[in-house]
Amino acid sequence: MNQLKNDRYLKALLREPVDMTPVWMMRQAGRYLPEYKATRAEAGDFMALCRNADLACEVTLQPLRRYALDAAILFSDILTVPDAMGLGLSFGAGEGPKFARPIENKAQVDNLPIPDPESELQYVMNAVRTIRRELKGEVPLIGFSGSPWTLATYMVEGGSSKAFTKIKKMMYADPKILHALLDKLADSVILYLNAQIKAGAQAVMVFDTWGGVLAHNEYKEFSLRYMHKIVDGLIRENEGRKVPVTLFTKGGGLWLEAIAETGCDAVGLDWTVDIADARRRVGHKVALQGNMDPSVLYAQPERIELEVKQILAGFGQGSGHVFNLGHGIHQDVPEQSPKVFVDAVHEYSKQYHK
């Protein structure tokens, strides 16, 4: 594989010295870019775009042509794994995901297959291989998956949810069924992420989008426990280099110490967390990723730069910070805002790495 020209992102995740703070954006390949909309229209629909390795590669590379980002992230969806389990995933126009066959009982859980990443999910691996080739070693490629808890919320609710009543009912009334589902999902995610690493992903990230809806003890039992299992099962070195893993629970600021205990290399922070406080709490153990409120990108350039400076100052001197948004970029931000953001991170972070 190609030698990396810019490994700032990988070094920061391992808390090794860098010349400036690396930056990328969650959902950086997406609807805020006009060229993405054109490629998606060419594909026909969202899952067709995910399943076409050349088009998935194209949308992965689009933001890198505009902005000086320090990493590329595979263009895919967290719901590829449950889709490969046969739940009948669809995306209606202007709607969120829907499953035709949501999980309601033990028999369904028992009958769920663990997908083979090189057969049912081969289209994802083909995309990873294609992207890695086309990146030509410019920046590292991040692979990813949803967390078992987050995947389970969609599988049990049948789609997106605001109250999570079905899965919480299962959690409190039939916890054994939910644990069996989460265990199967953890095994599936381990296979899936390891296959991405073998195909060329140089770092991986687990998105626990809905972990923050859980009560304190339930978070540890139903979300963190299974992310810990994943961390334990991952390939941590490939191509003669460490493969860092980042765990991100949206709304997870209460549990940073517990997340850091899993053995992950980095913890993602949403925008509700004070990064200075987070570094005091867990910075001796893990790198931190985040954590500007994505809505700041609606502001004037000076305001964006001010926010960047405040977060950089909050983290302070030295490596161990990957700058990012606290969640995915919004689709209607002004076109120049991401450039202002990325350039500000690079310009104003140099002083913290002398």
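Placement of Cβ uses the backbone N, Cα and C atoms for every residue, glycine included.
The annotation substrate binding site is assigned in Swiss-Prot to Arg27, Gln28, Ala29, Gly30, Arg31, Asp77, Tyr154, Thr209, His327 on the grounds of sequence analysis. Summarising the annotation, Swiss-Prot assigns site 'Transition state stabilizer' to Asp77.
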Per-residue Cβ crowding (10 Å cut-off), top of binding-site residues Arg27, Arg31, His327: His327
Recorded substrate binding residues, Arg27, Gln28, Ala29, Gly30, Arg31, Asp77, Tyr154, Thr209, His327 - maximal Cα separation rounded to whole Å: 23
Select the most exposed residue of Ala29, Asp77, Tyr154, where exposure means the fewest other Cβ atoms within 10 Å, treating these as the recorded positions. Asp77
